[in-house]
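Below is one structure, written out as structure tokens, with a few remarks after it.
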Amino acid sequence: MNTLQNTNEKNERWGLALGGGGSRGSFTIGVIKALVENGYYFNAVTGVSIGALSGAGYVMQTDKGLDEWIERFKSDMVVDHPFAFPNANRITKLTGDLGIDFINQFSADGPSIAPLIKTYSDYFNFDDFKKSDIDFACLTYNVSQNKPVIFYKKDMTKDDCVIKLMTSTAYFPAFNFVEYNNDQYADGSYCNIPLGQEIMKMNVEHVIAVSLHNGDEKPLAIAPGIHMVIHPILNLKYFLDFNVADLKKQIAQGYLETLKFLDQAPGYIYTFYQEDEAAFRTLSDLTDKVLDRVGLTLDNERLIDGLSQLLGYRPAPLENELMKNYTAGLIFECLGLVAGMDPYQQYHLMDFSAEVLRRLSQPESDPEEMNKAMNSVEMEVIGARDLLVFFHAGLKSFDGKLPAQFDCFREKYGSIYYLAFAWLILEKFSALFSLSEKVHDLEEKFSI
């Protein structure tokens, strides 16, 4: 892993490329926090949209936390009347090459980001930004001239710095265009330039990019040669969701998921501590041996299928060393979802497993849950949880061998069935869930 110490020793220069995504930028705040805590220092930063604002905040290198700034957000602190264009039906007839005249008429008195400009100006310190030795650039789109524009730190002044940053955040039509030097600008994402492409030109050797696209959305184009792309594993909220509770969760998510991308914490959708890594390896080996005895194979792909049914969508992939021997961990995570464990905090394995088994042994059924479900995805998740309990209860009742009446369900919901079988096996490792037991004693205890 390349940390600050290693890069300094090799005199290597690192770049950080931050993508856009509105309120999803709270995820980026957590990413930056985790990178800094793990020794990363970036010599250059580029940003698009919210990535421009958080990137400029990193360049400041002060204790004035981006998390404190973004946690104060509310919708009315970002934009006045989103999507509202009162002149849309009052435009005079135009002919010829007068596209910008149309845009000016259409956008007049539209949804202003003046509240965002004010809240960011209160946070931003130009002197700290300018004196920092970290290079910076933000990408925006000049609608008037119909071309991408890059604003570099070296060309920014105290008078125009914030407005230049804001040109990159004007995500039309949710927000209005931002005017600078008599030209209209729109969000940098309209440039359709691969994430990380511009920072490659800023004298850096390695680049970490942060993409805010969910795994079930159209992938963002990434420039070739990127060292690492950090992206959300669990889906983030809609980009205009500025609910403070959601912003705080996404900051935590960015932090925790970055630890996993850096191989500093075991986990997939849940996050554990590094000292649990050996326990997960041992448990995975034990689980594989027990499954092999009964002729079953559970790999990461099949378990992630089960997670997907429980979530209602497929989480984005995570490729790291710790995932290579994490079968037991994924089983725990599936059961954690059924038990309603919070994915926005870090756990010790023994604490997590004990609480999961406690909740599963004392299910708290809510008869109104289906009535509260708002859409088909939520209903399918409830159904997947019920199926898991159905298979597990059947396996316990029939000593691990389901009768023929279960065949039609098992064939249709194979991944849920296998997960229920794994749950049964883990229950047999009862000593696992006592804090007084040591995982390295298990192999001898169970003679495996």
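A Cβ is built for glycine as well, from the same backbone N, Cα and C atoms used for every other residue.
Unlike curated records, TrEMBL annotations are generated automatically.
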In TrEMBL, which of the ranges 47-51, 97-101, 247-251, 287-291 has the motif 'GXSXG' annotation?
47-51
May I ask you to indicate which of 20-25, 362-367 is given in TrEMBL as motif 'GXGXXG'?
20-25
Would you mind splitting the motif 'GXSXG' (47-51) into helix, strand and coil residue counts from DSSP?
2 helix, 2 strand, 1 coil
Let's see if you can do this one: DSSP helix, strand and coil counts over the motif 'GXGXXG' (20-25), in that order.
4 helix, 0 strand, 2 coil
Including all protein chains shown, what's the count of other C-beta atoms within 10 A of the C-beta of Asp187 (active site, proton acceptor)?
25
If H, G and I count as helix, E and B as strand, and all else as coil, what does DSSP give for Asp187 (active site, proton acceptor)?
coil
Set of same-chain residues at least 6 away whose C-beta sits under 8 angstroms from Ser49 (active site, nucleophile):
Gly19, Gly20, Gly21, Gly22, Gly25, Ser168, Thr169, Tyr171, Asp187, Gly188, Ser189
